[in-house]
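Here is what TrEMBL records for this protein:
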- 262: active site, nucleophile (ACT_SITE)
- 490: active site, proton donor/acceptor (ACT_SITE)
- 264, 492: substrate binding site (BINDING)
- 24-33: compositional bias 'Polar residues' (COMPBIAS)
- 35-45: compositional bias 'Basic and acidic residues' (COMPBIAS)
- 61-71: compositional bias 'Polar residues' (COMPBIAS)
- 1-142: region 'Disordered' (REGION)
- 515: site 'Interaction with DNA' (SITE)
């Protein structure tokens, strides 16, 4: 059928309302896979030496993954190839896409992996839990070219920046746009401290690649990996770490279905002190290569004198207390020593507020501990009303979208917009403009990566067609000021801007995409909030910097002494025109090739 929207027409099969579409060359199961309303998925690439087992994309892959592992689709002839060259396809490494749908059994008493599927050819073949997969890069292993010699800094970059907000380096840009930006090797460099131990919180890992990012002198120092993988995905992660005995694991508890461990944070313990990095990047090479990412890097926190009390070393933003509370929410013995280490350090220089999400259902005062209600509380307490604030737009920018309801009032312009429009004790009730920045098909097609960049923008047709109302809020990804217009965003930022876009009332960088799973949703007549996932970000409010508002930096690169705040994309955002369509990752794009001469044919 054809689905009309404000931004073009989608042509999809007549069964697009179902989440169990068959793959080409496979038999459709008679069992209906439960629809996923809340999950926000993100690509989980396997290490580069993983063999290609199948070329499946989208939720329909859950039905046939077991059969495909026995009889994998051939790369050269698969009609399901995404990112296919028009004339020729080169080999590439496999990408496994894992999402929180695997946790359906936690609430419903059964696992998707145990539902009936097409019988494998041999009765002796053990059934394999269903996974979804993303096709390999059409560029093969040479896709990830070596960075130029000047890609890494030879000195500590711009640590006098009062905001301590940095973009990642992007290969393929003019050198000036990487001046002052950070790569993971910069972060782990000895220039920042003599590393003793570290913790890596993340959603997606390539362990061998992660270990290689540490400088040689620190490469065998203990690393604790905090993850949310279960069952087969966990087994694969542990297998990756076998060659690295210094890597240990901590599994985050995901007690609510469809939740993910999406937090991206590094804890770095040095001989000289302690540091926290909160970022938007997975620990895989693709995320640090040609995507737009962001991070907050803390100052170097010195150790407190022996005998100091636990409440010493606190910042005016109570960052120490909130970080300890977030770590305690894991209820993990593996983190206890890190909780104690943080208590022993002075975090008083921190000027940002910590905003996290942890899975659970919360009532009473606990409703304001996590998610968007936590953000609302901070904005209420630490910002001030602004004259004419009803004309100050709220801007949200993200890389994935969950199911938000049948109309805008169900969540987006209800509870979520109420949070985003909070400015102190203001009584203004008229809603300001809401502008959502999400890449269009054309943005992805013309990106540095081409269509494969869309594999990290997992907005599905099944979700999109239920919320066409959302697309009228969409704005293009344009980032000429930072040189990143063609580096597709994996960063997530939210802010309140002045009508002329020269000032910010606040700024928030986080792992949280636009989903109820990430931000939480009110239940039981607004007496309870339910949060599914772990997320983490930092909030900048002007009062913590002795300012009324943040001036927006009009020209952030090359880095100068300007006191302006670096917004990753151009302001004002560019509204979609009638021909623009939001990128949807599980429908074909074969009318025009991308920057590498490829088309996108997911099924």
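The backbone N, Cα and C atoms fix where each Cβ goes, and this holds for glycine too.
What TrEMBL annotates, mapped onto the structure for a quick look.
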{"residue": "264", "record": "substrate binding site", "Cβ contacts under 8 Å, 6 or more apart": "201, 202, 203, 278, 279, 280, 281, 282, 511, 536"}
{"residue": "490", "record": "active site, proton donor/acceptor", "Cβ contacts under 8 Å, 6 or more apart": "280, 281, 282, 287, 291, 292, 293, 399, 456"}
{"residue": "492", "record": "substrate binding site", "Cβ contacts under 8 Å, 6 or more apart": "280, 397, 398, 399, 509, 510, 511, 512, 513, 537"}
Residue pair residue 262 (active site, nucleophile), residue 515 (site 'Interaction with DNA') - Cα distance, angstrom, rounded: 12
